[in-house]
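S.K.: Among the features that TrEMBL reports, compositional bias 'Polar residues' is placed at 32-41. The region 'Disordered' feature in TrEMBL is assigned to 22-46. The feature repeat 'ANK' is assigned by TrEMBL to 77-109, 110-142, 143-175, 271-299. As annotated by TrEMBL, signal peptide applies to 1-24.
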Amino acid sequence: MRGHVHRPLALVAAALVGFQGNSGGTPRRPFGSTSISQCQNKPPPPTTLQHRRLFAGGVPDTPLTNDRLVKTIPLNQYTPTLHIAASSGSVQVATDLIANGANVNASDVAGTTPLMVAASLGDQTMCQLLLDANADLDATAVDGSTALHVAAYHGQLDIVTLLLQAGADMYATRPDGIDLLHIAIREGHRQLVAALLLAKDPYILTEFHLEIASKWGHDQLVADVVSAQPHLVTFSVVNAAVESGRLATTRILLAGITRPSDLRQAIVNGALLHAAATGQLAVLQLLLEEGAEITATDDIGNSVVHWAVRHNHLDVLLCVLHHFPDQLIPLLSTPNHAGEFPVHLAARGGHWTMLQRLEERIYTVACGGNARTFQSCDIPTRPGMQFPPAHRVSYWKIRK
């Protein structure tokens, strides 16, 4: 975030209010993806944008002169000279190069232009110089990022403002569907997000945006969104925080649920099952403190124990077995809708330590239950299944 100056959100938001996008007055909505994985892609990293890996010796710490540029830096065909000047902030060198016919829109092997380099560094003077020389605002790197996307990725609000004033399209979208708001949220740039949401032709927040912020643990940004639009807190949003192990984020999301208590209970129960499936023990314990029901099941009958066993999360299983002794019978003896008991899943997955713990606990329950009978069953081997030397495994099935 070099070059970024912190300002009150109201003033920052006002910075973009006057900009009109290319949407003809219709608010632009983000693409309709439901996959958060599409936000994994990013513009080129700083090491690429600054071209430190494209020529020997790296970028000098002091501004370049024409003499040093020509004599001391071993250039190659993949490193346009104007990129080097932009990387080092050498305005005079860049001015001379442009005056002598340098191509301001030249790109390197990553498709990066000098304007993208300057934008990544927050160099307003260099950006203005390149814009005055007719740098192409719509030029794209290999991944489809424009200079505006690069500036947003690095949190350079002043450069974003400068590029928009020069005519950049605030709603430009990369081929993978990622736009300016996705990038700003993914990187946690609150001031830029506020500005985009309060622009004349604003972006519109969706559940997917909150899901991105929750997955990456941008707690202040999550709190901003939840405070303004609590209805965006849904199953998928909470699960994004849960699977990433974001304790603080999960707390913020749950505190922001203002809808009926039965819906909150459903979200908390669903998150508990997701925590068991993803092995997030600390989050699971938090959800139990928040009122999640240990006996909750999903729409196909899987319980916390089913999910922990299926994915071999032994610590989750041991936590449940230790802290909820009064719930062992329903947890261990209730099959899902496919007729699978937890011991089935442990055996079929080859999770032998898990299976041993289950059998030990079931045996303990059996010895203490006079009103129940128990039956020893066998699971025969089949191709692809790894069983102990006896080639079969016994388990206890509790029958009421």
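Counting begins at 1 with the first residue displayed.
The backbone N, Cα and C atoms fix where each Cβ goes, glycine too.
What does the local environment look like for each feature on the list?
M.R.: Helix, strand and coil counts from DSSP across the repeat 'ANK' (77-109) read 17 helix, 0 strand, 16 coil.
In the predicted model, residues of the repeat 'ANK' (110-142) average a pLDDT of 95.
Residues of the same chain lying 6 or more positions beyond the ends of the repeat 'ANK' (271-299) and with a Cβ under 8 Å from any Cβ of it are 235, 238-239, 241-243, 245-247, 250-251, 254, 265, 305, 307-308, 310-311, 313, 315-316, 319-320, 324, 327, 330-331, 334, 336.
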S.K.: Just give the helix, strand and coil counts over the repeat 'ANK' (110-142), going by DSSP.
M.R.: 17 helix, 0 strand, 16 coil
S.K.: Sort the residues of the repeat 'ANK' (271-299) into helix, strand and coil with DSSP and give the three counts.
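M.R.: When I sort the residues of the repeat 'ANK' (271-299) into the three classes, I find 17 helix, 0 strand, 12 coil.
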